Amino acid sequence: MEKARPLWANPLQFVFACISYAVGLGNVWRFPYLCQMYGGGSFLVPYLIMLLLEGMPLLYLELAVGQRMRQGSIGAWRTISPYLSGVGVASVVVSFFLSMYYNVINAWAFWYLFHSFQDPLPWSVCPLNANRTGYDAECEQASSTKYFWYRKTLNISPSIQDSGGLQWEPALCLLLAWLVVYLCILRGTESTGKVVYFTASLPYCVLIIYLIRGLTLHGATNGLLYMFTPKLEQLANPKAWINAATQIFFSLGLGFGSLIAFASYNEPSNNCQKHAIIVSLINSSTSIFASVVTFSIYGFKATFNYESCLSKVILLLTNSFDLEDGFLTASNLEQVKGYLASTYPDQYSKVFPLIRNCSLKAELDTAVQGTGLAFIVYTEAIKNMEVSQLWSVLYFFMLLMLGIGSMLGNTAAILTPLTDSKAITRHLPKEAIAGLVCLVNCAVGLVFTLEAGNYWFDVFNDYAATLSLLLIVLVETVAVCYVYGLRRFENDLQAMTGRTLSWYWKIMWAGVSPLLIISLLLFYLSDYILTGTLQYQAWDASQGQLVTKDYPAYALAVIGLLVASSTMCIPLVALGTFVVRRLRRGDPAPVA
């Protein structure tokens with residue numbers, strides 16, 4: 001007798017699992033960056049429009065497919081048509097790529113969390129040089145936070161060609177990160193369902209604490225004014241709309257197969273339409289909420305740097321011109337500079353090259369995303385807070401919860417199709433399958449702990465999923481609406497949930513959302529073509545900053561393989577199915 005499919009203990013577990021998966025690091029470190037780049041408050045206009053036209057409909061589509069077919073991504077699309085099995089295979093491949101490098105972020109979060117208990121924080125001051133006569137030259141060129149990230153954490157090589165050795169401390173943190181993930185997924189929905197209560201709710205507790213602290217910081221209002229002051233001219237910028245659509249798409253985790261896997265463990269009568277709306281609204285609200293927290297802390301950091309800069313200039317001029325202490329202030333600085341330049345031109349010309357141009361706007365305009373925001377900008381702000389160890393522990397604990405929550409979804413996308421396969425489960429228990437998946441991912445992930453590992457991390461982060469996911473979701477939408485049949489799918493949903501499908505969902509699925517995905521595909525393809533030689537940011541220790549370099553030929557080959565290995569699954573599996581059916585001379589391909 002066939003074993004009954006596991007189910008979530010209650011609908012709330014399913015919602016928490018989806019929130020834990022969808023609300024991830026991108027909400028904290030990419031959305032604030034996009035607000036900063038594309039008009040502050042005005043970016044919310046294209047973002048919310050894209051949520052209605054693309055995010056919400058496609059999220060509902062994936063949840064409905066998973067709940068209707070009650071299988072992982074491969075089985076679900078094979079049920080719709082045998083020729084579409086490749087869509088599920090492509091989702092599993094992309095999820096495998098994502099799992100390989102995404103858990104490295106959790107390893108870094110563990111590394112920083114362990115160091116957060118030191119007093120002072122190890123990234124708050126530069127270390128002494130070998131002779132103990134001054135500070136380390138690389139750290140002085142950069143900053144203490146950059147030095148700790150690039151030298152102490154990554155021990156980064158000067159280029160992707162210099163692979164270097166394995167960094168054992170980050171490698172041990174990676175092993176720990178995979179052990180935690182394995183323990184969370186060990187018993188399937190039984191264990192995951194309990195873990196998601198924590199991974200979904202605890203980040204909000206930390207964000208609320210950080211919001212209260214952030215709003216009390218000196219200069220927080222500068223950051224918030226910068227965020228909420230709309231730059232309406234950005235609404236005419238096509239890139240603002242493209243980035244809004246892209247952020248919605250990837251933030252919800254569409255195309256990986258995770259949402260289909262989660263929904264497959266629902267009761268057939270579950271109201272997945274309501275849950276799709278709840279999850280998408282919570283995800284977007286979290287992005288906005290996280291931006292308020294980020295910009296309050298960003299305003300504090302910018303104000304602190306601006307006032308430090310002014311203090312150094314005032315001290316320089318006071319000492320150079322023997323001015324009375326307290327005479328020179330921030331309010332009269334420009335006036336006095338003009339007076340000194342006109343009265344003592346020779347002396348001022350000698351001092352002039354040392355005078356820094358202090359600008360609060362320039363500090364606020366410095367746009368950073370990704371690991372730069374998480375591990376450099378935030379740590380720069382944290383080190384200047386009172387009781388900095390407490391805020392550091394809270395922050396990196398939050399990053400861990402966000403990262404582990406997303407990893408539960410990524411691994412579910414891989415494991416569900418594998419555990420659905422009778423050929424595999426006949427020989428291996430589910431615990432062993434989960435262990436093997438984690439072991440293989442961890443072994444390959446050790447590449448990212450090499451000295452050149454961060455460069456390969458960027459390769460996977462930039463190219464492993466973007467085009468592949470857009471193509472996968474486009475085929476998914478076309479498959480449901482035009483292969484399976486929209487009317488037929490509508491009848492299935494009504495039979496399952498007892499609710500009719502509104503015109504809004506049908507218009508979005510059949511026309512608007514696919515057209516938006518095609519537009520994004522064309523944009524990214526043209527962008528790659530027009531870019532020419534692909535480049536990356538390498539760390540130059542002598543300058544203490546990032547420099548741009550061209551990818552070597554073998555790195556370009558890896559990028560090509562990453563894109564092709566997932567996208568080609570769709571046509572190759574369809575072709576293979578066609579050939580097998582022709583050889584067998586069977587009936588025409590059935591449709592579920």
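These residue numbers are counts, starting from 1, taken along the chain as shown.
Using N, Cα and C of the backbone, Cβ positions are placed for all residues, glycine too.
In TrEMBL this protein carries:
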{"type": "TRANSMEM", "residues": "12-31", "note": "transmembrane segment"}
{"type": "TRANSMEM", "residues": "43-61", "note": "transmembrane segment"}
{"type": "TRANSMEM", "residues": "82-102", "note": "transmembrane segment"}
{"type": "TRANSMEM", "residues": "168-186", "note": "transmembrane segment"}
{"type": "TRANSMEM", "residues": "195-220", "note": "transmembrane segment"}
{"type": "TRANSMEM", "residues": "240-265", "note": "transmembrane segment"}
{"type": "TRANSMEM", "residues": "277-298", "note": "transmembrane segment"}
{"type": "TRANSMEM", "residues": "393-415", "note": "transmembrane segment"}
{"type": "TRANSMEM", "residues": "436-457", "note": "transmembrane segment"}
{"type": "TRANSMEM", "residues": "463-486", "note": "transmembrane segment"}
{"type": "TRANSMEM", "residues": "507-531", "note": "transmembrane segment"}
{"type": "TRANSMEM", "residues": "551-575", "note": "transmembrane segment"}
Of 43-61, 82-102, 463-486, 551-575, whichever stretch has the most CB pairs under 8 A to the transmembrane segment (507-531): 463-486
Top Cβ-contact partner of the transmembrane segment (82-102) among 12-31, 240-265, 277-298, 436-457, 463-486 (pairs under 8 Å): 463-486
Same-chain residues near the transmembrane segment (436-457), Cβ under 8 Å, at least 6 residues beyond its ends: 96, 99-101, 103-104, 107, 154-157, 159-167, 170-171, 174-175, 178, 181-182, 185, 371, 411, 414-415, 418, 428, 536, 538
Intrachain residues whose Cβ lies under 8 Å of the transmembrane segment (12-31), provided they are six or more past its termini: 63, 105, 189, 192-193, 196-197, 199-201, 203, 247, 250-253, 258-259, 262-263, 265-266, 270, 275, 278-280, 282-283, 286-288, 290-291, 294, 369-371, 373-374, 399, 402-403, 405-406, 408-410, 412
Interface present between the transmembrane segment (168-186) and the transmembrane segment (463-486) (three or more C-beta pairs under 8 A): no
Chain residues outside the transmembrane segment (168-186) and at least six past its termini with a C-beta under 8 angstroms from it: 103-104, 106-108, 110-111, 114, 153-154, 192, 195, 404, 407-408, 411-412, 415, 431, 434-435, 438-439, 441-442, 445-446, 448-449, 453
Residues of the parent chain within Cβ reach of the transmembrane segment (277-298), under 8 Å, 6 or more residues beyond its termini: 15, 18-19, 22-23, 27-28, 31-32, 35, 44, 47-48, 51, 55-56, 59-60, 204, 207, 210-211, 214-215, 217, 220, 223-224, 226-227, 247-248, 251-252, 364, 373, 377-378, 381
